[in-house]
Amino acid sequence: MEVTNVTEYDAIAKQKLPKMVYDYYASGAEDQWTLQENRNAFARILFRPRILIDVTNIDMTTTVLGFKISMPIMIAPTAMQKMAHPEGEYATARAASSAGTIMTLSSWATSSVEEVASTGPGIRFFQLYVYKDRNVVAQLVRRAEKAGFKAIALTVDTPRLGRREADIKNRFTLPPFLTLKNFEGLDLGKMDEANDSGLASYVAGQIDRSLSWKDVKWLQTITKMPILVKGVITAEDTRLAIQAGAAGIIVSNHGARQLDYVPATIMALEEVVKAAQGRVPVFLDGGVRRGTDVFKALALGASGIFIGRPVVFSLAAEGEAGVRKVLQMLREEFEITMALSGCRSISEITRNHISTDWDAPRAQFAPRL
């Protein structure tokens, strides 16, 4: 059966992958309320399409931190991709590059920054977890920069790992034939078996719970790469991120894997955009499965979106070809959404192209009697 939308890859991945691996990718924290809400919230935003506009030519290109990309659809960092497919991050990197978009490599990738760089040209960001040992962090950041990565996406919502009950039940651990490649030479590349989640134990042992805004400033002293703060969902933290020198913000709830009962990212987006006041670009991840979702995020002020689970699920199903297909399907859906909304370029997508629950009632014209 031909795959015709992004969501169909989920069921295919579930069939193909070992339960421990599928559950690791698919699950959220605790009750998984936010996991559902990340999707459901998009369905509460409706379109106000404009008609009879010449949509012969649609330009989806945009610029992110000065880099021109083919569309505002990018790849979020997802860990341990070789659990999904033997080519793992290599395949994802090639798919992103051929689609003309940005890939973000996870700190916890099963391929190193150097290996991913060796796949060929492409604009790549590096997602960073801050370890207790700052020398490890500095070394990793330098390696990413040297390998040609263009920005750091600093994850700020994980001082501890959220309670992912499937991982606890499955006693999740990295399969023995794989390593966290970026840490291999530092004796931090392996994950021990634990009596709950092996990843949770690893995080508890290695990741710095004392991380604060001063560390965002410190990072700027060790790299020229711009820093995106990933995991902001409030106006207050948006203002603090900008004060701390962030080059951009990623509105993210970590794929609903950290604190349950936070709002869907699409619901938090407008608050963050308003607080940013155009000083830095704001991006979104979480729950994007359709081109219509991309349009809704841009209408609410996002400069672009990142996709996570669709990448690992399509990778599991069809390798590089699967990831290419996900990017292509989202691109086509986004293009048709633009055309049917009367938008010929990214700059023509406005807040007036959507309506939400929280909009003020529009002026109604009284009918002439």
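Glycine is no exception: its Cβ is also placed from the backbone N, Cα and C atoms.
Note that TrEMBL annotation is computational and uncurated.
These numbers come from a predicted model, not from an experiment.
What TrEMBL records for 1-359 is domain 'FMN hydroxy acid dehydrogenase'.
A simple way to gauge crowding: the CB of H254 (glyoxylate binding site) has 24 other CB atoms within 10 angstroms, across all the protein chains here. Summarising the annotation, TrEMBL assigns glyoxylate binding site to Y24, Y129, R164, H254, R257.
Positions annotated as FMN binding site by TrEMBL: 77-79, S106, Q127, T155, K230, S252, 285-289, 308-309.
Residues or ranges marked as active site, proton acceptor by TrEMBL: H254.
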Spatial separation of H254 (glyoxylate binding site) from R309 (FMN binding site) - C-alpha basis, Å: 11
Site with most surrounding Cβ atoms, counting all protein chains shown within 10 Å, from the binding-site residues Y24, Y129: Y24
Integer Å distance between the CA atoms belonging to H254 (glyoxylate binding site) and K230 (FMN binding site): 9
Neighbour tally for A79 (FMN binding site), based on other Cβ positions within 10 Å of its Cβ: 21
Tertiary neighbours of Q127 (FMN binding site) (same chain, Cβ under 8 Å, six or more apart): P77, T104, L105, S106, S107, I152, A153, L154, T155, K230
Neighbourhood of D285 (FMN binding site) by C-beta distance under 8 A, where only residues 6 or more apart in the same chain count: A76, K230, I250, V251, S252, G255, T265, I305, F306, I307, G308
Cα distance (Å, whole number) from A79 (FMN binding site) to Y129 (glyoxylate binding site): 11
